[in-house]
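**Q** If you scroll down you'll find the structure; I have some questions about it.
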Amino acid sequence: MHLWSYIVFSVLEINNLVTKSTLFLFNLRGRCKPQSNKTSIGRTAMMNQTTGYVGIAAIYNNSIILGNGSMGILIIPKPMNTAINILTVIILFITMISLGCTMESSKIKAHLLKPKGVAIALLAQFCVMPLTAFSLTKILRMDPIKTVTVLICGCCPGGSLSNIFSLSVKGDMNLSIVMTTCSSIAALVFMPLLLYIFSQGFTGLKDAVPYVGIITALVFTLLPCAIGIFINHYKPNYSATVTKVGLSILIISSIIVSVLSGLAVKDVIWMILMPDVLAVAALMPLIGFIMGYVMSVICRLSPQCSRTISMETGFQNIQLCTTILKVAFSPQSIGPLFLFPLLYITFQCAEALLLALCFRCYQRVTAPHGDPYKWENVDAKEEEVKQ
């Protein structure tokens, strides 16, 4: 406990030092006015916001004026901002269609008839991750705009990358795909509800969360997923083609978004690399992986299902999170924090890859007769025992 307390205290001290340095540099470079003019600055900044963003913009500007925040004002040219918004929506749309094309109604039905694994996975997804996000923002004393960003990321459903990493740890792929789909559907109810509940723990945040924009984005994720399921069910021959074409468009769109985002935030990109933001991006997925596995073991699921739920819990739908942060908030209110999901996905993939490598090494060491793939699943093991 003393070690953890020292680590948290060190992160807080470093964050405070960097924050003070940031504000000082902004004053030197003329990007922030002296605090004596803070009232007029706040009024001017508020007049520049549209009505839909008044709540979060007020919190954002107040944190800058009062010296409690560390994000700079981000001004993105309107054509560039529109292009990024459209491309992020396209990326989300294509991702969810591709996910739907991997679904089979028979697999969904089989897991719904025996819902234990799905129920535990949903519990882990919508309890562990939001609670982790809430706890980390409290421990690190993050300012309001960072808190909203982290809470939105923590309350997002599972992401499609979990399917790839579930395969890498020899998990139950049927459960993985069904879980990703079910969490996307359940998020329509749970995500706004959880954001409302956890925002009550922060002063002034309950009116700052863009619930309408979040619900709209969630509905938008279900529509392409349903289209993908429809294609796979009625036109299965087209599923592979749709997935391949979608992957090509996805790669091109992602590259363009990365370039445009880099150009848009090139002057303030270093601000997202604050110690508290880095700590949250690194700890959230790791806690999700560990707690998802622990919950599954406690509920006596098979090792294969436990590894799957571990991956499903730690992985968030980064495409959805990015779309919400980029479309539901104005650039002036969210600042460079709309790139937080990209930071999160970097850590979650690195940590998942490390866990997958550890599992493969463990499997190679413990497999009978030195064959790491001999008992790849329970059925193969039972056949071997019978013989």
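Backbone N, Cα and C define each Cβ position, glycine as well.
Remember, it's a predicted structure, so these values are computed and weren't measured experimentally.
Below are the features listed in TrEMBL for this protein:
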TRANSMEM  53-76  transmembrane segment
TRANSMEM  82-105  transmembrane segment
TRANSMEM  117-136  transmembrane segment
TRANSMEM  148-165  transmembrane segment
TRANSMEM  177-199  transmembrane segment
TRANSMEM  211-233  transmembrane segment
TRANSMEM  245-265  transmembrane segment
TRANSMEM  277-301  transmembrane segment
**Q** So, does the transmembrane segment (211-233) come close enough to the transmembrane segment (117-136) to give 3+ Cβ pairs below 8 Å, pairs being at least 6 apart in sequence?
**A** no
**Q** Go through the chain and flag residues at least 6 beyond the ends of the transmembrane segment (177-199) whose CB is under 8 A from any CB in it; none is fine as an answer.
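**A** Contacts of the transmembrane segment (177-199) (Cβ under 8 Å, skipping residues fewer than 6 from its ends): 96, 99-100, 102-103, 107-108, 111, 117-118, 121-122, 125-126, 130, 133-134, 148, 151-152, 155-160, 162-163, 205-206, 208-209, 211, 214-215, 218-219, 221-222, 225, 308-309, 312, 317.
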**Q** Give the one range among 82-105, 148-165, 211-233 whose Cβ atoms make the most pairs under 8 Å with those of the transmembrane segment (245-265).
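**A** The stretch I would name here is 82-105.
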**Q** How about the transmembrane segment (82-105) and the transmembrane segment (211-233): do they have 3 or more C-beta pairs under 8 A, pairs 6 or more apart in sequence?
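**A** By the criterion, they touch.
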